[in-house]
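Asks: Could you have a look at this structure, given as C-alpha cells, before my questions?
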Amino acid sequence: MMVQSIQIVLPVALFFLIVFNGFTVEGSKKEAQLYRDLLTNYSYLVRPVRNPKKALTVTMKVFIQQVLLVDAKHQMIEVNAWLKYIWTDFRLRWNPLDYENITSVRFQGEDQIWQPDILLYNRYIEDEQESFDITYKTNAVAYSDGVINWIPPGIFKLSCKMDITLFPFDEQICFMKFGSWTYHGFALDLRLDVVKGQEPSADLSTYITNGEWHLLSAPARREEKFYKCCKEPYPTVKFYLHLRRRTFYYVFNVVLPTLLVSFMSLLAFCLPATDLSEKIGLQTTILLSVCFFLTILSEMTPTTSEAVPLLGVFFSALTFIVAMSTTFTILVLNIRYRQITNHYLSPMFRSIFLECLPWLMMMKRPDHKFRRGSSYRDSSADQCVQCAKNAELKSILRGTDNQQQIETNTFYPFPTETLSLNRKVGDGLFIQRRCQIHEEARSEKFTHGMLACEKSLRENGSELANILVTILKMYEVMVSQVERIRKRIALKRKRKDIQDEWKFAAQAVDRFCLIIFTIVFIICCFIFVAIPPIKILD
C-alpha cells in the first residue's frame, strides 16, 4: 500500500516542479532580456540628459540613524546615516507590458549605469589609507519611468568646529556638506528632497537617541558658491545637526563632588586655631582633590587656546579659592602663635584687629562690648580698685603713762588714694596697665613713707622707737618680697593677656576669612549656574 502511494505522488510532484521551473526560467529570460535591452549602447560615463546644455536634477535626502560619537577633543562627529539620491535617466525606460510587468530592476554600482559623484566635503580622515568616500556601494533601483533611486548607507566622520566655552552646558551645531566633486551647477543641479508644506530637513523618523547628546533638529539648506576662476555655480547641500549635551553625567560625577570638596575648604576656618596640623592638612588635601578634578577635565576638552570651557574656569576659580584659603589659614596660625618675646602688638594692629574687625564680624567676648572703632569693658563686671587706704600707725605699746601715744601720722603722713578704673581695649584687653602704674606709684610712696618714719623714730632715740624701727625693717623686707612676687605675677599676667590678644586677633581674622570666602564661593557657584543659556539638568 505504501509503495502504491509513493508511485502516485512522485509523478504529480515532478509535474508541478517542471511547470513552475518553466515559469521561472521564462521570467528570468524576460528580466535578462530587459537588462540586455537597457544596457545596449549604454555608457555609464555619459550624463543621462537629451540636451547636453541642460543640467541634470538630482534630489538628495539624508536619513539620520544615530549619532555615534562626538569627539570635542579631535573636533569630529561620527554619524550613522543613509543617503537617498533620485534622478531621471531617460535611457533606462521601458514598457512593463513588454517584459512580463517588470516595473523595476537593480544595477550594481557605477560600473553599469551613470551615478552622481556626490561626496561629503567635510570628511574627517584619521588614517591616510582611508577612502574619502565611505558609503557602502549598494544597488541602484531603476523604475520603468526612468527614475533612479539610490540609497547608500554609511558611517560618516565629519569635521566640526566646536565651541566649548559653555562646557558642559554647551550646544554644538555641525553640518554634513555634500556636493558633486566634478560637475558644476550647469551640469548637475543638486537639490533637496522636500515634502510639500514642510521645511527642508533630514529624516529623523528612525533616529536612535544618544546617551550623551540630544539631537534637537536637523535642518537642511541648499547653497551655491561662485569662484573667481569660473562663472558656473557650484551647488552644495548642508544638513545641520543641532546637538545639546546631556549634562546630568557631568553634574553628578564632576561638578557636585568638586563643589562638596571645595565647600569643605570653608569648614577649615571653623576649626580651632590650635589645631595646626589639622587645618593645614585639610586645606592641602582639598587643594589636591580640586587639582585632580581639573586634570580629569583637561582630558575631556580639546587642547585649544581659542576658548576656555566654563567648567575649567570654575575649577580654576575653586583652585584659587582653596589656595588662598590655605594661605590665609597659614596667616591665621602665624598670628595665633605669636609671643610677646618676638612680636610687638602695635596700636594700629590693636585698632584694626581688636576693635574694628570684631565689631564688623559681630563677635562677642566675656565682659567686653564692641562698638564702632572701640571696645570697652563692661562696668558692671569691674570692681573699683582701691590703690591705697588710709593707714595709721598707732601706739603699739602703751606704757603706764597713758599720755604717751605714738601715731604714725606724727612721724610721716602716708599717702592715700582711691581709683575707679574702666579698662579699655586701647590700653589692653587683659592688662591692668593703669592699675599697675598706680600700684607702682603707691609702693614707691609707701617705701618713702617708711624711710621717713624710720628716720623720725631714730631721731626720737627712745627704747620704744628702737623696737619700732626693728619692726619696720622686718616689715620692709616682707614688703619687698611681696612686691617681687607681685611683679612676677604681673609679668605672667601680662604675657598671658598679650597672648590672649593674639589669639583673639587670630579668631577675628579667621571669622573674616570665613565670611569673605563663603561670599566668593557663592558668587562663583551662581555665575557658573547663571551663565549657561540652558538648564543644568535635562
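Using the three backbone atoms N, Cα and C, a Cβ is placed for every residue, glycine included.
As annotated by Swiss-Prot, signal peptide applies to 1-27, with the evidence given as sequence analysis. The feature topological domain 'Extracellular' is assigned by Swiss-Prot to 28-250, with sequence analysis given as support. The N-linked glycosylation site feature in Swiss-Prot is assigned to Asn41, Asn101. If you look up Swiss-Prot, you'll see Cys160-Cys174, Cys229-Cys230 marked as disulfide bond. Feature annotation from Swiss-Prot assigns transmembrane segment to 251-271, 280-300, 313-333, 514-534. Among the features that Swiss-Prot reports, topological domain 'Cytoplasmic' is placed at 334-513.
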Asks: Cβ under 8 Å, sequence separation of at least 6 from the ends of the transmembrane segment (280-300): give me the contacting residues as numbers and ranges.
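Replies: Same-chain contacts beyond the flanks: 72-73, 167, 254, 257-258, 261-262, 264-265, 267-268, 271, 309, 311-312, 315-316, 318-319, 322-323, 325-326, 329-330, 333.
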Asks: Rounded to a whole angstrom, what is the C-alpha distance between Cys174 (disulfide bond) and Asn41 (N-linked glycosylation site)?
Replies: 44
Asks: Once the chains shown are all counted, how many other Cβ atoms turn up within 10 Å of the Cβ of Asn101 (N-linked glycosylation site)?
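Replies: Around Asn101 (N-linked glycosylation site), other Cβ atoms within 10 Å: 10.
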Asks: Using C-alpha atoms, which one of the recorded positions Asn101, Cys160, Cys229, Cys230 comes nearest to Asn41 (N-linked glycosylation site)?
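Replies: Its closest listed neighbour, by Cα, is Asn101.
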Asks: Check each residue in the chain of Cys160 (disulfide bond) that is at least six apart in sequence and keep those whose C-beta is under 8 Å from its C-beta; list them in sequence order.
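Replies: Same-chain residues close to Cys160 (disulfide bond) (Cβ under 8 Å, separated by 6 or more) are Gln75, Met76, Ile77, Asn122, Gln172, Cys174, Phe175.
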Asks: Within 10 angstroms of the C-beta of Cys174 (disulfide bond), what count of other C-beta atoms is obtained when all protein chains are considered?
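Replies: Around the Cβ of Cys174 (disulfide bond), 21 other Cβ atoms lie within 10 Å.
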Asks: Which residue among the disulfide-bonded residues Cys229, Cys230 has the fewest other Cβ atoms within 10 Å of its Cβ, if you could check?
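Replies: Among the disulfide-bonded residues Cys229, Cys230, the lowest count of other Cβ atoms within 10 Å belongs to Cys229.
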Asks: For Cys229 (disulfide bond) and Asn101 (N-linked glycosylation site), determine the Cα separation and express it in whole Å.
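Replies: Between the Cα atoms of Cys229 (disulfide bond) and Asn101 (N-linked glycosylation site), the distance comes to 50 Å.
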Asks: Given Asn101 (N-linked glycosylation site) and Cys230 (disulfide bond), what distance in Å do their CA atoms have, once rounded to a whole number?
Replies: 47
Asks: Measure from the Cβ of Asn41 (N-linked glycosylation site) and count the other Cβ atoms within 10 Å, all protein chains considered.
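Replies: 6, counting other Cβ atoms within 10 Å of Asn41 (N-linked glycosylation site).
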